[in-house]
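Enquirer: Right, I'll just put the structure down here and ask away after.
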Amino acid sequence: MATAGKVIKCKAAVAWEAGKPLTMEEVEVAPPQAMEVRVKILFTSLCHTDVYFWEAKGQIPMFPRIFGHEAGGIVESVGEGVTDVAPGDHVLPVFTGECKECPHCKSAESNMCDLLRINTDRGVMIGDGKSRFSIGGKPIYHFVGTSTFSEYTVMHVGCVAKINPEAPLDKVCVLSCGISTGLGASINVAKPPKGSTVAIFGLGAVGLAAAEGARIAGASRIIGVDLNAVRFEEARKFGCTEFVNPKDHTKPVQQVLADMTNGGVDRSVECTGNVNAMIQAFECVHDGWGVAVLVGVPHKDAEFKTHPMNFLNERTLKGTFFGNFKPRTDLPNVVEMYMKKELEVEKFITHSVPFSEINTAFDLMAKGEGIRCIIRMDN
């Protein structure tokens, strides 16, 4: 493309301070260096992780910064050594990477790349420790290696999944983070047998995706557990068959679920990050074969306490990261699940706004309205 090797000036939504509305700025985006790609973002969406680090209540603030990590775009140019993707390829940026060289990437079991796994404290490129974004010569920090709230962004090639160009980017962009995380937690990690009973703790976007995964796997009962009963009706669209609101019961949730399921559920997936919900999700699975999967990220000081007999009685506890999907290897297959109509993505998308109104997406999330809001970069 004519812009290859040159600095590109474009619009980006910049966070200058914690919790303050993003402002539209003209930024300069440097060309990609070795093993990097520059991508024209067409659609992006807002994830809770963006909001968490934008609020910067529980971690070191890093501003000014360009947030965003759920997106779809087209490769504009590539740096030296890049062979996997070329200009014009349709891609999904991913907050965690796959270098394909480290022990994790070579393992059939792990997706936790040594080089490119998520690092929320790094605001620069891994290659040279510099930012590719600037305003008037002043660097602007990156976010989780993606920074998709910009018309153009630069990423390590290991954080870019090349997908079917026929796939609509305004739909499949949501597969680059939360939806795949929940889906994979069910189909790759919990692996519910056909006809089994699954409990999903937390019915936000990730929990609904976990329910969708359980539905795809053939679970016959999918029990949604949430303190917000308003979410229940919507969750039926994602396969939930019944619901438990802990506020409606005097017994512990794990006992309520055991009573409903003749001793415990076959699988549970915990998507809240609340350590008490994690304990409940583990203790509600059936002895002998029950498997609980933890997806939600707990508070840094949280402690998980349960009696060792719960393990000795043959309950299994697993953790997962990005649904155990390897980004470059597996995400193209998730997109194909959508293309084959095995996975419904449209029902996750409840709102859409032009890029100039990106702060509306933050307002919707703050109010708990909707599931995913698509941000259209072309307005």
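Just so you know, glycine gets a Cβ as well, placed from its N, Cα and C.
Copying in the features that Swiss-Prot gives for the protein in this structure:
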BINDING   CYS47, THR49, HIS69, CYS177  Zn(2+) 1 binding site
BINDING   THR49, HIS69  alcohol binding site
BINDING   THR49, 202-207, ASP226, ARG231, THR272, 295-297, PHE322, ARG372  NAD(+) binding site
BINDING   CYS99, CYS102, CYS105, CYS113  Zn(2+) 2 binding site
Enquirer: Inside 10 Å of the Cβ of GLY207 (NAD(+) binding site), count up the other Cβ atoms and send me the figure.
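Expert: The Cβ of GLY207 (NAD(+) binding site) has 28 Cβ neighbours within 10 Å.
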Enquirer: What's the CA to CA span in angstrom from ALA205 (NAD(+) binding site) over to CYS113 (Zn(2+) 2 binding site)?
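Expert: Distance (Cα to Cα, whole Å): 25 Å.
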Enquirer: Within the chain of THR49 (Zn(2+) 1 binding site), which residues six or more apart in sequence place their C-beta under 8 angstroms from its C-beta?
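Expert: Listed in sequence order: HIS69, PHE95, VAL144, CYS177.
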Enquirer: Listing them in sequence order, which of the binding-site residues CYS47, CYS99, CYS102, CYS105, CYS113 have their Cα within 10 Å of that of ARG372 (NAD(+) binding site)?
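Expert: Matched binding-site residues: CYS47, sequence order.
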Enquirer: Return the residues near CYS99 (Zn(2+) 2 binding site) by Cβ distance under 8 Å, restricted to its own chain and a separation of at least 6 in sequence.
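Expert: In sequence order, CYS105, CYS113, ASP114, LEU115, LEU116, GLY158 meet the Cβ cut-off.
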Enquirer: List, in sequence order, the residues of the same chain other than CYS99, CYS102, CYS105, CYS113 whose Cβ lies within 8 Å of the centroid of the Cβ atoms of the recorded Zn(2+) 2 site.
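Expert: Result: GLY97, GLU98, LYS100, GLU101, PRO103, HIS104, LYS106, ASP114, LEU115, LEU116, GLY158.
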Enquirer: At the level of the C-alpha atoms, what whole-angstrom distance separates ARG231 (NAD(+) binding site) and CYS47 (Zn(2+) 1 binding site)?
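Expert: Roughly 18 Å, rounded to the nearest whole number.
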Enquirer: With the cut-off set at 10 Å between Cβ atoms, which of these binding-site residues ends up with the most neighbours? Options: CYS47, CYS102, CYS113, CYS177, ALA205.
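Expert: Buried the deepest by this measure is CYS177.
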Enquirer: What three-state class does DSSP give ARG231 (NAD(+) binding site)?
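Expert: DSSP call for ARG231 (NAD(+) binding site): helix.
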Enquirer: Using the centroid of the Cβ atoms of CYS47, THR49, HIS69, CYS177 as reference, list every other same-chain residue with Cβ within 8 Å of it (recorded Zn(2+) 1 site), in sequence order.
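Expert: Close Cβ neighbours, site residues excluded: HIS48, ASP50, GLY68, GLU70, PHE95, VAL144, SER176, GLY178.
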Enquirer: For HIS69 (Zn(2+) 1 binding site), just count the other CB atoms lying within 10 A of its CB, please.
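Expert: I get 27 for this one.
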